[in-house]
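Here the structure is laid out as structure tokens; the discussion comes afterwards.
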Amino acid sequence: MLDTLIFLLERLFLLAHIKLSSLLPPHAKDSTRCEREDPPGGAQRFQRGDLLEVPRTLFTHFGIYLGENRVAHLIPDILPALTADSRQIQEMVTNTRLLLGVLSKRASVRVDSVEDFAYGARILLNAMDGAVRRAPLPAEEVARRAERLLGGVAYSLLWNNCEHFVTFCRYGSAQSLQTDQFCAWLKSLIRDRRNVAVTALLGLLSMACLGVSSSTALPTLLIPFTLWMAS
């Protein structure tokens, strides 16, 4: 039951379209956009140990700059589970590989070029420094932490994603502001007692359409009761 609940939460998290930029105060956002976007000269301006962010459609992706146009980042990838061909694995991770990696909970900490890491999007430089309470570790220590973690890892959208990787490397403690925001939203959703009535009504409609059985009656009773007790 717990595994099922976690699975559903992770799928919901994937569809939540969470952006880290919404967590930053207005002045931090403005300064980030004005001063910390991908600077002229590209990777030549990045320093070893910098934290790079790439806002994407459904989430923000994170990596640690290692120098010489290389970025270490944790990314879901199914291919290492299917083949041992290092040449194929090292090719840029496609959306299909990424999605299947999310579903199978497989990922790797790998090194790609800045261009492949950014995938055509703009890069924000060390923007998380204004959102995390801990001070960054020395730059060389940050890079060495990232290098020590290279290789296959278990993946979880909620508990072990690319943001956990970079915050561990740069600040010494793994956390995900995107996950924190999602959990806060979920908590507010559960506390809203109007959802109890909505779920109860949906349950009754499902029984009316599909008939009364254990697969329809139990969710109809248990979900509203759980939301009511948690509200």
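Glycine too: its Cβ is placed from the backbone N, Cα and C atoms.
CYS162 (active site, acyl-thioester intermediate) has a Cβ environment of 23 other Cβ atoms inside 10 Å. Annotation source TrEMBL lists active site, acyl-thioester intermediate at CYS162.
According to TrEMBL, the feature domain 'LRAT' maps to 51-178.
Summarising the annotation, TrEMBL assigns signal peptide to 1-23.
Residues annotated as transmembrane segment in TrEMBL: 196-229.
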Structural state census, the domain 'LRAT' (51-178) (DSSP three-state): 49 helix, 36 strand, 43 coil
Across the domain 'LRAT' (51-178), average pLDDT on the 0 to 100 scale: 91
